[in-house]
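**Student:** Okay, handing you the structure first.
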Amino acid sequence: MNKFIAAEAAECIGCHACEIACAVAHNQENWPLSHSDFRPRIHVVGKGQAANPVACHHCNNAPCVTACPVNALTFQSDSVQLDEQKCIGCKRCAIACPFGVVEMVDTIAQKCDLCNQRSSGTQACIEVCPTQALRLMDDKGLQQIKVARQRKTAAGKASSDAQPSRSAALLPVNSRKGADKISASERKTHFGEIYCGLDPQQATYESDRCVYCAEKANCNWHCPLHNAIPDYIRLVQEGKIIEAAELCHQTSSLPEICGRVCPQDRLCEGACTLKDHSGAVSIGNLERYITDTALAMGWRPDVSKVVPRSEKVAVIGAGPAGLGCADILARAGVQVDVFDRHPEIGGMLTFGIPPFKLDKTVLSQRREIFTAMGIDFHLNCEIGRDITFSDLTSEYDAVFIGVGTYGMMRADLPHEDAPGVIQALPFLTAHTRQLMGLPESEEYPLTDVEGKRVVVLGGGDTTMDCLRTSIRLNAASVTCAYRRDEVSMPGSRKEVVNAREEGVEFQFNVQPQYIACDEDGRLTAVGLIRTAMGEPGPDGRRRPRPVAGSEFELPADVLIMAFGFQAHAMPWLQGSGIKLDKWGLIQTGDVGYLPTQTHLKKVFAGGDAVHGADLVVTAMAAGRQAARDMLTLFDTKAS
């Protein structure tokens, strides 16, 4: 008699805990290293309260078993089992399966095996389901349920005898509130943070809304750091703020910063079970609340029991990747020296993100914390100018490169170098330096936009930063021109809302064609053509198509190009043996190397300099991984 996992669709809340438990169980109980490695054998179809988990039915006389030409699939122990060593990737089983639950992964069939190799003997998905919507069933049990339902229906008791739904009892009735926000009329007059931190009552309210889907929940998985989100939210419920801060710092080096600048709507909050029900739990605000509150109470990371090691590591770059790497190494007892060409730590966090999103005193406080942990910072120190790369590789046991991507993408339009046309990063950096009391630099000259018509080309978060900075600098008008529709904008939804509230005008579905200048060569307008959304490209995003005859000019005194970032030149790497790809990014993790190890084995790299411009949290995760790889290298040498 066959056994299989049966789902009670009415009780499924769409939390995806079953998928995560399955993927983790088949990865030695560890998080998969990447989303491409996330391969659950059970799948939730639909979403919210219309969701339903689907897995292999382990059929008697299974069509997949009959179809397999090499006997890789056999019926044993009341279930259909797969011998991956025999599988030849012919796909006959996937075609034969009437339920579509046999997949091909890297040319090998994959299906539910009822966790037959799991030491506990239990099925991971059943074990973790918060509403008990999954159960191990056989044909006899299924028939009994069917007969019982038929009898109730015949007796007219199907509805009157219905039990209260477990899923309905679990889901909260309170809707999301989030953090208070300063009014647009007030906040656009200054550069202070616009979001107020949660107070204890607000934090309790939000934490009480969490349904604690599972210890390893969907929000954990969609956080690149795999923060223990349900667990630290539970600690907030219990009033254990110090313990929550300790837990946050186990997986994150900058939780108070991520709580402010992470695009939670695309990560943890976007994966929250309550997103389409009563609104996602305000995870980012809770993360900020935990760390801000704990630090205000005097909490600091305790490194008093750290045993010093003999190794020394040089970290190039004091951005999120470098700080993440230094944090892990310092906690392991390694002596760490961080080198950065800027006068303060943080990289883009300090000089690329405006103060109204991230107050710079937050970075100053974090620098004090890292210094107290034993990390030495060498600022205003540029590799190749103040110290050579070969000096670092000869003096240190390992080197980490986390320099980010500071190259700016161009549009290749006529007159792109005309007066009044500027790039986003120099614009943002110059004004941030001014607010910090730093002198104006030749690399980052100030741009006066007061009383001028400002147009920003782009649609990401950097675009929003330029727009909102221009508003605060008293521009006469500020307009965003983006070639796709609003739904296709790559930036955070809340940043678009904030910009619109503050007075930014949006021109969607317009593509730049040229830059118009007067007889003196100064900018007067940007030539645009309207677009219509076409079919999706290889990346899944719909492509804009120019609409013939729709050309027009948008007057502008200042035009800011915000098309994103790419690798910048690193001449100090020449002759080192470290390989770059065709985009100028550092190559790591080739066969025979650790994931973040370059072709020069004592040099590691991570963050945007390896993967291209991405998020603060992904850069930090890469830096922390590099530190773990270094420790693996050190321990291997020691043994």
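Including glycine, each Cβ sits where the backbone N, Cα and C put it.
Not my notes, these are from Swiss-Prot:
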DOMAIN    3-32  domain '4Fe-4S ferredoxin-type 1'
BINDING   Cys22, Cys112, Cys115, Cys125  [4Fe-4S] cluster 2 binding site
DOMAIN    47-77  domain '4Fe-4S ferredoxin-type 2'
BINDING   Cys68, Cys87, Cys90, Cys93  [4Fe-4S] cluster 4 binding site
DOMAIN    78-107  domain '4Fe-4S ferredoxin-type 3'
DOMAIN    110-139  domain '4Fe-4S ferredoxin-type 4'
DOMAIN    201-235  domain '4Fe-4S ferredoxin-type 5'
BINDING   Cys210, Cys213, Cys219, Cys223  [4Fe-4S] cluster 5 binding site
**Student:** Which residues, same chain and not among Cys210, Cys213, Cys219, Cys223, have a CB within 8 angstroms of the centroid of the CB atoms at the recorded [4Fe-4S] cluster 5 site?
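**Tutor:** Everything else in range on the chain: Ala217, Asn218, Asn220, Ile229, Pro230, Ile233, Cys268, Ala271, Cys272, Thr273, Val281, Ile283.
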**Student:** Return yes if the domain '4Fe-4S ferredoxin-type 5' (201-235) and the domain '4Fe-4S ferredoxin-type 1' (3-32) have at least 3 CB pairs under 8 Å (sequence gap of 6 or more), otherwise no.
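**Tutor:** Between the domain '4Fe-4S ferredoxin-type 5' (201-235) and the domain '4Fe-4S ferredoxin-type 1' (3-32), contact is present.
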**Student:** Around the recorded [4Fe-4S] cluster 2 site, report the further residues of that chain (criterion: Cβ within 8 Å of the mean position of the Cβ atoms of Cys22, Cys112, Cys115, Cys125; site residues excluded), sequence-ordered.
**Tutor:** Ile5, Cys18, Ala21, Ala25, His26, Pro40, Arg41, Ile42, Ala55, Asp113, Leu114, Gln123, Ala124, Ile126
**Student:** Using the Cβ centroid of Cys68, Cys87, Cys90, Cys93 as the reference point for the [4Fe-4S] cluster 4 site, which residues of the same chain not in that list have Cβ within 8 Å?
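**Tutor:** For the [4Fe-4S] cluster 4 site, the extra neighbours are Cys64, Ala67, Pro69, Val70, Ala72, Leu73, Ile88, Gly89, Lys91, Arg92, Ala94, Ala109.
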**Student:** Which of these binding-site residues is closest to Cys210 ([4Fe-4S] cluster 5 binding site) if you go by CA atoms: Cys90, Cys93, Cys125?
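**Tutor:** When the Cα distances are compared, Cys125 comes out closest.
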**Student:** Which of these binding-site residues is closest to Cys223 ([4Fe-4S] cluster 5 binding site) if you go by CA atoms: Cys22, Cys68, Cys87, Cys90, Cys93?
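**Tutor:** When the Cα distances are compared, Cys22 comes out closest.
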**Student:** Long-range same-chain neighbours of Cys68 ([4Fe-4S] cluster 4 binding site), Cβ under 8 Å, sequence gap at least 6?
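**Tutor:** Those within reach of Cys68 ([4Fe-4S] cluster 4 binding site), by Cβ under 8 Å and sequence separation of 6 or more, are Arg92, Cys93.
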**Student:** As a test of the contact definition, list every same-chain residue at least 6 positions from Cys112 ([4Fe-4S] cluster 2 binding site) whose Cβ is closer than 8 Å to its Cβ.
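**Tutor:** Cys112 ([4Fe-4S] cluster 2 binding site) has long-range Cβ partners Phe4, Ile5, Cys22, Arg41, Ile42, Ala55, Cys56, His58, Val101.
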**Student:** Measuring Cα to Cα, tell me the gap between Cys219 ([4Fe-4S] cluster 5 binding site) and Cys115 ([4Fe-4S] cluster 2 binding site) in whole angstrom.
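**Tutor:** About 24 Å separates the two Cα atoms.
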**Student:** Sort the residues of the domain '4Fe-4S ferredoxin-type 2' (47-77) into helix, strand and coil with DSSP and give the three counts.
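**Tutor:** Reading the DSSP string over the domain '4Fe-4S ferredoxin-type 2' (47-77) gives 8 helix, 7 strand, 16 coil.
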**Student:** Using a Cβ-Cβ cut-off of under 8 Å, list the residues of the same chain that are 6+ residues beyond the ends of the domain '4Fe-4S ferredoxin-type 3' (78-107) and lie near it.
**Tutor:** 1-4, 39, 43, 54-59, 62-72, 113-114, 116, 138
**Student:** Take the domain '4Fe-4S ferredoxin-type 1' (3-32) and count its residues per DSSP category (helix H/G/I, strand E/B, coil), listing them in that order.
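**Tutor:** Tallying H, G and I as helix, E and B as strand, the rest coil: 12 helix, 5 strand, 13 coil.
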**Student:** When the domain '4Fe-4S ferredoxin-type 4' (110-139) is classified with DSSP, how many of its residues are helical, how many are strand and how many are coil?
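**Tutor:** Helix/strand/coil tally for the domain '4Fe-4S ferredoxin-type 4' (110-139): 6 helix, 6 strand, 18 coil.
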**Student:** When secondary structure is assigned with DSSP, how many helix, strand and coil residues does the domain '4Fe-4S ferredoxin-type 3' (78-107) contain?
**Tutor:** 5 helix, 7 strand, 18 coil
**Student:** Please name the residue among the binding-site residues Cys115, Cys210, Cys213, Cys219, Cys223 whose C-beta has the most neighbouring C-beta atoms within 10 angstroms.
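**Tutor:** When each Cβ's neighbours within 10 Å are tallied, Cys219 leads.
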